[in-house]
Number of protein chains: 2
Amino acid sequence: MSELESITTNRAFGGVQGVYRHQSEATGTPMTFSVFVPEHETGTTLPVLWYLSGLTCTHANVTDKGEYRRACADAGIIFIAPDTSPRGEGVADDDAYDFGQGAGFYVDATEEPWAPHFRMRSYIEDELPALIAAEFPVDMTRQGITGHSMGGHGALTIGLRNAGRFKSISAFAPIVSPLDCPWGEKALGGYLGDDDRSEWRSYDACALIADGARVPELLVDQGDADQFLAEQLKPELLRDACDAAGIDLTLRLQPGYDHSYYFVSTFMADHVRWHAQRLV
Amino acid sequence: MSELESITTNRAFGGVQGVYRHQSEATGTPMTFSVFVPEHETGTTLPVLWYLSGLTCTHANVTDKGEYRRACADAGIIFIAPDTSPRGEGVADDDAYDFGQGAGFYVDATEEPWAPHFRMRSYIEDELPALIAAEFPVDMTRQGITGHSMGGHGALTIGLRNAGRFKSISAFAPIVSPLDCPWGEKALGGYLGDDDRSEWRSYDACALIADGARVPELLVDQGDADQFLAEQLKPELLRDACDAAGIDLTLRLQPGYDHSYYFVSTFMADHVRWHAQRLV
């Protein structure tokens, strides 16, 4: 277990908002993440809500703009926000905003030059949960997961691949099918290679469902003024996949909302409460 | 009246969070500010809460991190966040974080090289309210004012100098007496000159009260782990001034809270509701 370094801790909404760093074995880099721990009795443990961020983001975007702390404090839920990729001078990168650092897509890359560090699936699924379990007052039998855009893709795919682990899965404006949108084709093609697209299917929420992954229900909010809605996000594909599989999808098209944190923060408390009903 | 340029507008919490720019006559520069307008019936007007920001801030800090939109949407209050100084290449500046651009201290400077542009008192008291009244669905008979740190100083002094205009005045960790702290001595000395400190008294909440300014009540929240508490903020001076003047000050020392937006956002909804009780 790598050593956990506390970068900042601030009292907020009765609890503590911390930012931490550790040396990741999965990515081979230092990784930074934030954790909000509500006020609680010493010795007790709290359920966990994971939040995976979107393209270009670090842990800081949702920590600054997500407006989750009041709802988490009210519900007694720990909120964890990881980074979206490995970073640093020795790490491969790309000039585009939608590939390379800040755009890890929650996959374990197999293609060069990405394979050595871009192992965000292993980091989020395995390494970081073990660190969280060891270092924070969490009840790991009560975990939920959510995320925004690329992070919504991450939440849906990680949730579907680990259905027993997560009692609740939601997303804000998720990329529901990387197999069927330009962001996904670029990222999965780059990180996994284009030779055998069947390998992409474990990184596609709709394909996972078509291939048999089952959860009882999903909650998705999507702004209808989102500039990426038609070309990249395509929530109707998730609706069709859930309909065919008998998964109870609550898909809410929110009138006038775009892709920004103004959208995410507006519906954040709803999502926290929805998870809390299933976790607390 | 200068022309109002809309920089961004985003749907948030049922309303519209906008960022706007105009050419200020007071400062002789372009000035940027943000306005949140809750959902409301066309043709109706809403009360206004002014929020003045602290050292180093622009409109963006509270707009991103202040967590005011839900409370303002619930209460039906318009929230206005101006910048903290004139900015730009032709504007005097200083390398320090607590003087020059980003540190206007809500004064009309009389000393060179600040006098030509650093006219934040006139900008906040006169020019911007006229623009807001002309361009937004505001009821200017129902205004409240608040702010953080240097902006708490701004809210208290502007509120006390214009007691008839503001029905409610609050502050987060305000500088209560620039006459009696290093930040204030540096700023007022630099902007107003050191020859006659009696000119500083209209920019000092405690001095204004001692000199006869009266309001029925004030609300101040202050973190007791604030690194600036003892040397710069000194809320006990405001308590003494209010006690002597018969002003009903609610001064809440919040245990464990520091000077950051984690503190401000934690108590923002309380302040919005407190203002709403006096405005709506």
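Cβ coordinates come from backbone N, Cα and C, glycine included.
Taken from TrEMBL, the feature active site, charge relay system applies to B:Ser149, B:Asp226, B:His259.
Annotated features taken from TrEMBL, shown on the structure.
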residue	record	DSSP (3 states)
B:Ser149	active site, charge relay system	coil
B:Asp226	active site, charge relay system	coil
B:His259	active site, charge relay system	coil
Could you state the whole-number distance in Å separating the C-alpha atoms of B:Ser149 (active site, charge relay system) and B:His259 (active site, charge relay system)?
8
Euclidean distance between Cα atoms of B:His259 (active site, charge relay system) and B:Asp226 (active site, charge relay system), Å:
5
Cβ-Cβ under 8 Å from B:His259 (active site, charge relay system), same chain, 6 or more residues apart: which ones?
B:Ser149, B:Ala173, B:Gly223, B:Asp226, B:Gln227, B:Phe228
Candidates B:Ser149, B:Asp226: member of the active-site residues with the richest Cβ shell (10 Å):
B:Ser149
